[in-house]
């Protein structure tokens, strides 16, 4: 009942905002407003035929209260796909669990999780000595926590492995949170504006952390935001049993509530009329085409009189300007400085990582054999932006973002919205830089002769790409700062002005001509006037920051017009397939063969078939049959910890200590510590017949050389000289995985819609 009521009200908001978004799309197309032209190329399909990561991980099964070994695959759409084992994945059997991680938080300790659970149901806290609702058999848990959805519990054996899985999970959350496509210029703005208008009608202003995921997930969060407090007050006092049992039951209760939203429907009155939410969102509600197709009147007297267009701004603008001057303007510079420092550090770190990876690749290629080895290393470099571990140092810079004091003043519930947005920009800039580099280098391949030409060309192209990166980075960051300042200040101003302006809007709506009333709304016009009142101060603050050059921002007057006019023509060609360049097979492969040879971005040592790592045999206790159905929580069976956690710890310790170094090597599945084993496999595969070939530079036999550090933004990158460069052997920081990976999981799509969250 509550779901139907909320969706019915939302459908009304959506219908109104759909007309506004349709009108604005035409308006922006005619006005042709746009920023400076990007200097870097943009890759259309970044991760086609690739998986991000795969490996074994323990999952806690709530049905039989046991920990099970699972084979987890993260495909190119960033959904978490859990199979019974690796063999089931290779045979394309249906997965056990599909998880869309939008809205989740990654916790690395059971204490963090228990604290969140205790806060979700006030007054229910287990006493000391009582068994907690979750026990982990290792010291390295990974918990996927969601305020309104089902939780997922994992664990691994080593700290390095925990860090790698944590980086992968965070990348999945970051990608899935951005689930509403920005390519749509009508449906997406209409949906997000309808969410904002609905929440403002409930007196809820400010940023909303749960505006994440696809449309179904966002609507589920919208319903649960209103429903959960009522469930807590109604059902909470009626829960029976000890504190841990009540907590387990409460976790299931909010999971049941959230599962009911995707299957719910609006009230009959909303379903029958045109006010229902278009499904899919691409359909246009009837009646919107009429105002655009009707001819304009030849004589102004044929139409009713309209009020002067300045009457409404004249009513709102003076009040808004006073509010801006008194409550916003003094704090704009402080907010901007808090945003600029971590964001600029993150982009600078991305620039440094790109420079280092290209320089290391240049050394390794020259040391190994020149042009013959280039495609192999370029295949790895091409997915640098999607390597969660290597990009982690860039993302971590945004953890420094804090709006202390300002956060309470402007009613900003959390800074996670701005952190994730900046991180997405970093990843996009990195991928654009890598794609531009490989496009320019691919163009030069036919002209190169020998190692000397190759080394000089790589250095020269790197210099060109870094200059383009600096310019695009400045443009992207300035746009991000402006948008973030608007997201912080506009809701605050609307809340401040609501008592004096909100009640007067209805009389202005009545003055709008009927044909235009479907796409010109007073509420939207009111927000535009408020935006104009503060936009001048925001633009001036960002401009002054660029003049200071404190964070390597270019001035607005510095515009690179057609600095490389032929570059964008190269980007319109077919995508470069470095695997074909490496194998020397230009002919097209069958689709099934390409699917079988899907590459993996993050390297991992795959376990032998039939072997269960981590002492999983001890976890699979006799007499506990594996459930064959997908692991949905049963209402009559609340989750509880395993009965023999102490035994599991003991067996795991014995297994890991008994095998010594061999066990340590076997347990470090997919960790950086297993690089030696990976290199050994590579060396063996590269030298058939037992002939040892010179491999890539490694840490064990490193020969140091004088290598130029990453130049400061705007500085010249030294090009190669006429003689052979002194490129010595260094560590190979790999971007891609080794060997072929099994086929992609069935049931997933590139858009991510095929992987739905299991609530």
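Please read every residue number as a count from 1 along the shown chain.
Just so you know, glycine gets a Cβ as well, placed from its N, Cα and C.
Looking at the stretches 228-247, 248-267, 268-287, 288-307, the one that TrEMBL records under the feature region 'Disordered' is 288-307. As a summary of secondary structure, the domain 'PH' (50-174) carries 32 helix, 43 strand, 50 coil according to DSSP. In the predicted structure, the domain 'PH' (50-174) carries a mean pLDDT of 88.
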